[in-house]
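Here the structure is laid out as structure tokens; the discussion comes afterwards.
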Amino acid sequence: MKKSKFHYAWIIVFVTFLSFLAVQGGRLAFGAFVGPWEEDLAMDRGTTSLISALSFVIYGVSQPIIGRFVDKYGARLIISASTLLVGISFFFITFVNQPWQLFVLYAFVSIGVGGASNVAGTVLVMNWFNKKRGLALGILEAGFGFGQMLLVPGSLLLIQYVDWRMTNLLLSIFLIVIVFPVVLIFLRNQPTEKGLQPVGGLLEEAQVTKEDKPQAKLSIGAVLQKRQFWFLMLPFAVCGFTTTGLMDTHLIPLSHNHGFSTSVTSAAVSLLAAFNIIGILLSGVIIDYWSSRKLLVFLYITRALSIVILVYSHNPLLLLIFAALFGLVDFATVAPTQLLAAEYFKKYSIGFIVGCLSLSHQVGSALGAYVPGYFYNLSGNYNISLYISIVILVAASLMNFLLPEPDKVKTAKTVESVELPS
């Protein structure tokens, strides 16, 4: 095997990061196009909201299926094909003249976004890294944050100076001409394809024996019976409810409801996005040296405390403190959740497991977008939704606290296998 100071695994991380930045950032730029679509295609806000909601549903439902495809065909094929699919879809969106065409094309965008996501990224990290997995996962997740920071305001700026069609065309060219070839050329599924070992070398557990092999075929039913599965799934749904659902959808109107100006609100949103990237990277580094389970307990409790601050944020300073604190723990939960899933279920279909986690996150996101709006219509404020969020975040923290440490699970399985009668 070849040895070098710079490991090709970091090329894998960079290429996947680039794909996530372009694909996820392009999807997150949806809001920049809403106004121009409504004006140009004679659409109302309900129609554009329905397009967005449908795309989230398709994205979520696709995740376990994509996980199976990643396990069967490899992450390289799935990520490269997904990047190309999103680029082609954006190209055709440039020429739409009817709302139904947006529904159809954003369905394809959602499938592509689901393919170039954490499901495939986690499998790549598990294949290429036996050490520094947390850092690698954190860098991949940061692709979402950088995509949001670069492509959302970039799209707004381009729409202002050209128009939405040209902006969409430029996004498609970026994906098809630049990102797709880079992914196809440089991405590899396994270190052995480059004559390398994973970062950290081969682990003893990688030496699979004949007795181990049947465990790799355990049924989905066996996974569903495990406490670890549900105590990761349910908190991750809470994560989706309180981040993508509640904050990404309602933070701006909530801020206005508290009487803050557009400039203060914009500053808070920008601060949250900046600290989100910091939190993602810190989380990835920390889980290489500390318990992922304990970190998740801390993150969910801290998020609950940040929302307590938001409830009482009636001056700009408190709003900015909330934004910084919430940003630090926003997407920081993703890497430790995925790492725990990979450690708990390493002899199962990792792609499928992470796909189920992503599905739960999207279900939570959908509820987090709808429920606060429903209660706002009833009460005229977001207090009920914020109180609900605090309670379920504490519950999520408790569920993560009750999870076993992965090394203890491994030890228990070893003891159990030794005690079996011969």
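Glycine residues also receive a Cβ, built from the backbone N, Cα and C atoms like all the rest.
In TrEMBL, the annotation transmembrane segment applies to 137-162, one of the ranges 137-162, 189-214. From the options 27-46, 47-66, the stretch TrEMBL describes as transmembrane segment is 47-66. Counting only same-chain residues 6+ beyond the ends of the transmembrane segment (47-66), those with a CB under 8 A from a CB of the stretch are 27, 30, 34, 37-38, 78, 99, 102-103, 106-107, 109-111, 113-115, 117, 119-120, 351-352, 354-356, 358-359, 361-363, 365-366, 369. Among residues of the same chain six or more beyond the transmembrane segment (384-403), those with a C-beta under 8 A of the stretch's C-beta atoms are 227-228, 231-232, 234-235, 238-239, 241-242, 246, 250, 293, 296-297, 300-301, 303-304, 307-308, 310-311, 340, 371-372, 375-376, 378. Residues belonging to the domain 'Major facilitator superfamily (MFS) profile' (11-407) score a mean pLDDT of 87 in the model.
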